[in-house]
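Listed features, source TrEMBL:
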SIGNAL    1-23  signal peptide
DOMAIN    27-112  domain 'Inhibitor I9'
DOMAIN    139-523  domain 'Peptidase S8/S53'
DOMAIN    400-468  domain 'PA'
Amino acid sequence: MSSSICHMLISLLLFVFLQHTLAIKQSYIVYLGSHSFGSNPSLLDSESVTNSHYDLLGSYLGSTKKAEEAIFYSYNKYINGFAAILEEDEATKIAKDPNVVSMFLNKRYELHTTRSWNFLGLETGSGFANDSAWKKSLGEDIIIGNLDTGVWPESKSFSDEGYGPIPKKWKGICQVAKGNPDKFYCNRKLIGAKYFYKGYQAEPGVANVTFNSARDLNGHGTHTLSTAGGNFVAGANVLGFGNGTASGGSPKARVAAYKVCWEGCSEADILAGFEAAIGDGVDVLSVSLGGDFAVEFFSSGLSIGSFHAIANNITVVTSGGNSGPHKAPVVNVEPWTITVAASTIDRDFANYVILGNNKTYKGASLSELNLPPNKFYPLILGADAMFDDKTYLIDNAMRCKEGSLDPKKVKGKILVCLRGVTARVDKGVQASRVGAVGMILDNSDQKYEVIADPHVLPATHVADKYGNLIGNYIMETKSPVASITKVETQLDIKNTPMMASFSSRGPNPLDRSILKPDITAPGVL
């Protein structure tokens, strides 16, 4: 009996030892408020702040050496705080320190992804409107910083042709890896770039970042920065549609890219980006990213960073999110930021479905491929195109999911697919793979607008009410047929602007006395 008890005690001690040894470490942000020195900290000021961070954390970890090993960001110039890798029990103790304003996990944020200025009245077909804000300076020598995925410096939107010297107030750099293997260069338009990855690298399971560059790898940062401050680019279009001159809202502004997003955007990196931008001398910060839901003020890197940016006379513009049309999902609701929702403009990329009964229904598309004019093809619903021995896949077939459609039933026909579950463009890919000559995408939900997508086959996206009528025609007709017309650009569309269905809405979930989003701006192609 005593032997059994002994074994149990040994097992218990081993379990406790292993639990302590294998305690999960995570990265945290510790916010300590503001600094006592002014807006131009010296190197000595910054060093003293970092040392105070080591002292504070060291008092909980047992030594300043352990604190130095744990801290991977010391925010020591305009923001007072640090980011460190800690065990949960360590974090719990530190959070109770009277010097700590707030403390939270280093979470990952996600990105919020030509005629707009004409629609807003800034320009006309022959030049600038008489009352255009652009008549003043086009944002000349204003410096716009962008916290995002970086930038593609070769983009024509960042050409510096015709630009004078870089403003003297600029204190930033063009950060490149040793030897500049990526061939990343700034100029008099794109005057600076930096990248931040320590927060991303501190996440569990993330390998070391090997691509040390501010270069944009997915296009989002280039898109958002050019939208804010891109230069005039003549002959811009989307797959041949919407030809015109593209530009940002402040086309003569200088711009700087702060790469804080890799696979998602670490809050610790976001906060580091804010501090760098404040020190570099930007006038405006564009931040098109956010969390899944609004968090309490001063409990996120974006909230803290934007607060200190505003305190240093920098205007911060954030996105409200792309989680609409559900009630109150708006994020980035701090009262000191300008939170922007997306709205439509007065342009459509339209084509039409013509049925065999001569009924015509408008849709949207950016497909470059066309069916022969006035040629009709058999119509089939996705639900009718499923494999006979896989009736359990009817829901998948209705939405044209991979592996649910029988090529023998679809070949040579126009396939009708329901929106939802899979990406809109992927439905066209699946339709093409099983031999469809075209696709009609039924919106299936009145809450969402139809979208012009670059499909891989002749296709159109129709409103749910039209989808129902097309479905009824198919079910009531012995040999239903249809044609899809060529895409055309239509201007002066009525009932615009309207809030885009995907755009996050209010009311403000944290404080309903603060209206959010603040404004809408063109955000639909």
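Cβ coordinates are placed from backbone N, Cα and C, and glycine is handled just like the others.
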Is it possible to list how many residues within the domain 'Inhibitor I9' (27-112) are helical, extended or coil according to DSSP?
34 helix, 28 strand, 24 coil
Averaged over the whole of the domain 'Peptidase S8/S53' (139-523), what is the pLDDT?
89
Over the span of the domain 'PA' (400-468), count residues by DSSP class, listing helix, strand and coil in order.
19 helix, 17 strand, 33 coil
